[in-house]
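Here Swiss-Prot flags Ser2 as N-acetylserine, drawing on similarity to another entry. Swiss-Prot lists 7-156 with the feature domain 'Ferritin-like diiron'. For Glu54, Glu58, Glu61, Glu64, the entry in Swiss-Prot reads Fe cation binding site, with the evidence type sequence analysis.
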Amino acid sequence: MSSQIRQNYSTEVEAAVNRLVNMQLRASYTYLSLGFYFDRDDVALEGVGHFFRELAKEKREGAERLLKLQNQRGGRALFLDVQKPSQDEWGKTQDAMEAALLVEKNLNQALLDLHGLASARGDPHICDFLENHFLDEEVKLIKKMGDHLTNLRRLAGPQAGLGEYLFERLTLKHD
């Protein structure tokens, strides 16, 4: 059944929004895996775990925002299978942060692609929505992860375990 409210909403943009929802949910799933990996008793980096669990929550909320947009525009939400994280054991914080940075760069590219598609299809509402709710936050998160990686690399070396512990305590400290 077609929507009575649908206007100037191309099927290509609708499909791209659904793909982006899936990517957000996959990112959330990955961050949930990371968050609970670092909270294990044999890893015990609670601050790192908290950082990734907060990201999981943010990505799930982003997916929900996109689903609300889909309904507001008269599109139909298609729930695709969410692929499991690429691994179960994440290693050191630096390895995990590198994996997370790759996830964010892929998400950012998908957002940019959707923005370009919406612009080409004459859909300023989608462009405005992405600019106000996603693009700036994504760039800030990529910068933050890049900064964390720089600091983790500085701390690597013969005492890498101590460096990782100090990074977790001093950078990712939370209440």
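Cβ from N, Cα, C; glycine included.
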Would you mind checking how many other C-beta atoms are within 10 angstroms of the C-beta on the residue listed as 'N-acetylserine'?
6
Not counting Glu54, Glu58, Glu61, Glu64, residues with a CB within 8 A of the CB centroid of the Fe cation site are Ser28, Leu55, Ala56, Lys57, Lys59, Arg60, Gly62
Find the one among the binding-site residues Glu54, Glu58, Glu61, Glu64 whose C-alpha lies closest to that of Ser2 (N-acetylserine).
Glu64
For the domain 'Ferritin-like diiron' (7-156), the number of residues DSSP places in helix, strand and coil
115 helix, 0 strand, 35 coil
Counting across all protein chains, other CB atoms within 10 angstroms of the CB of Glu54 (Fe cation binding site) number 14
Measure from the Cβ of Glu58 (Fe cation binding site) and count the other Cβ atoms within 10 Å, all protein chains considered.
16
